[in-house]
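Trainee: Shown below is the structure under consideration.
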Amino acid sequence: MAATSDRTVYRATTTAPVNIAVIKYWGKRDASLNLPTNSSLSVTLSQRSLRTLTTASCSAIYPAADELILNGKPQDIQTSKRTLACLSNLRSLRQALENADPSLPKLSTLPLRIVSENNFPTAAGLASSAAGFAALVRAVADLYQLPQSPLELSRIARQGSGSACRSLMGGYVAWRAGEREDGSDSLAEEVAPASHWPEMRAIILVVSAEKKDVPSTEGMQTTVATSSLFATRAASVVPERMAAIETAIQNKDFATFAEITMRDSNSFHATCLDSWPPIFYMNDVSRAAVRLVHDINRAVGRTVCAYTFDAGPNAVIYYLEKDSEVVAGTIKAILGPNTEGFDGPFYDILKNVTASVVPLEKVDSRAVEILKNGISRVILTGVGEGPISVEDHLVSATGDILAS
């Protein structure tokens, strides 16, 4: 870290990943603390495909108020209770260090300038808030040189965006709902590192990059208040599935992992449909993707792929690397090789696939047509690591905002 002077700009930069839940988080028992009604579990996706890059900086030369710039646009921090809560908690931890060691520079007293960029559309059902808040918390924690572990920091990230706590770790991550009123036991925990089951792959079918009709927070509140299915899901369905899918991950049992993933996605969207008024996140293209996955599994004679949908129409389809040609190759044959996204670090295995491995007559022809016309791009990815500290700063040594 730079030497202390009146004009010193302190900086730390990190990347953070997107995570896609296989056991869904939906509904809060305490909205102010972002405490969930049920536990959840996700796969952290590779940052070679999707990531948020965030630089946290502080300096006496900055204006008095903290600043946050997201994808080039200034954000109003003062109206975001979630962001304020994260920054307040991180400042308190830094202040404790400074109180214990008076020789440390008083970074907790300096205004922050935080600059963040996603390499994917924000608020389009790609879990941008999870990566965003995880990157913010990790970058500020690094700036402040905090000793807290990712598990401890996950309590803070949770207050920004519930699912952000899971993006502070790589691999397969559980968010334990906890029981305490203060939320101290509601935190993320690594179930298995990416290295335990590195063969996990995913293809994201991007249906629309438009902003969703019903924001997640609003949708959750409606479901909790009006869905009779919801209480049963939270109380009995999810706890059983959490235990079963954690065992499946430890055993690298894809068939069980896949069935639980698909059933839980269906269960989550059933509670949305059971809300009053009903909430529709999936559309005709989403349902065509569901039919395609079941048709591929049926044609192959075993479970080789699994769909899951968050609060949006995009399909995330999990499969193992050894089945890339069967799953992603069939999708490539349906959509055409010129569809945006059939490139990059996870594409090598598909380069020579020119025809569908699964005979297309075994796939619902209506689903094929809907997918052809309804998918704007794909994202090829796989299980990956947690946040990574980098030197690609978005703020210069003199405090100026840079482009990545």
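Here the Cβ of each residue, glycine as well, is placed from N, Cα and C on the backbone.
The (R)-5-diphosphomevalonate binding site annotation in Swiss-Prot covers Y25, W26, G27, K28, R82, S161, G162, S163, A164, C165, R166, T217.
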Trainee: Quick one, of the binding-site residues G27, G162, which Cβ has the fewest other Cβ within 10 Å?
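Mentor: G27, out of the binding-site residues G27, G162, has the fewest neighbouring Cβ atoms within 10 Å.
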Trainee: Counting other Cβ atoms within 10 Å, pick out the least crowded of the binding-site residues R82, R166.
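Mentor: Among the binding-site residues R82, R166, the lowest count of other Cβ atoms within 10 Å belongs to R82.
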Trainee: What are the non-local neighbours of A164 ((R)-5-diphosphomevalonate binding site), defined as same-chain residues 6+ apart in sequence with CB under 8 A from its CB?
Mentor: S129, A130, A131, G132, F133, A134, V137, A157, R158
Trainee: Tell me the Cβ contacts of Y25 ((R)-5-diphosphomevalonate binding site) under 8 Å, same chain only and six or more apart in sequence, or just say none.
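Mentor: Expected: P36, N38, S40, G162, S163, W175.
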Trainee: Helix, strand or coil by DSSP: which one applies to Y25 ((R)-5-diphosphomevalonate binding site)?
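Mentor: For Y25 ((R)-5-diphosphomevalonate binding site) - judged by DSSP and reduced to three states - the answer is coil.
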Trainee: Please state how far apart, in Å and to a whole number, the two most distant Cα atoms are among Y25, W26, G27, K28, R82, S161, G162, S163, A164, C165, R166, T217, the recorded (R)-5-diphosphomevalonate-binding residues.
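Mentor: Spelled out: the longest distance between any two Cα atoms in Y25, W26, G27, K28, R82, S161, G162, S163, A164, C165, R166, T217 is 18 Å.
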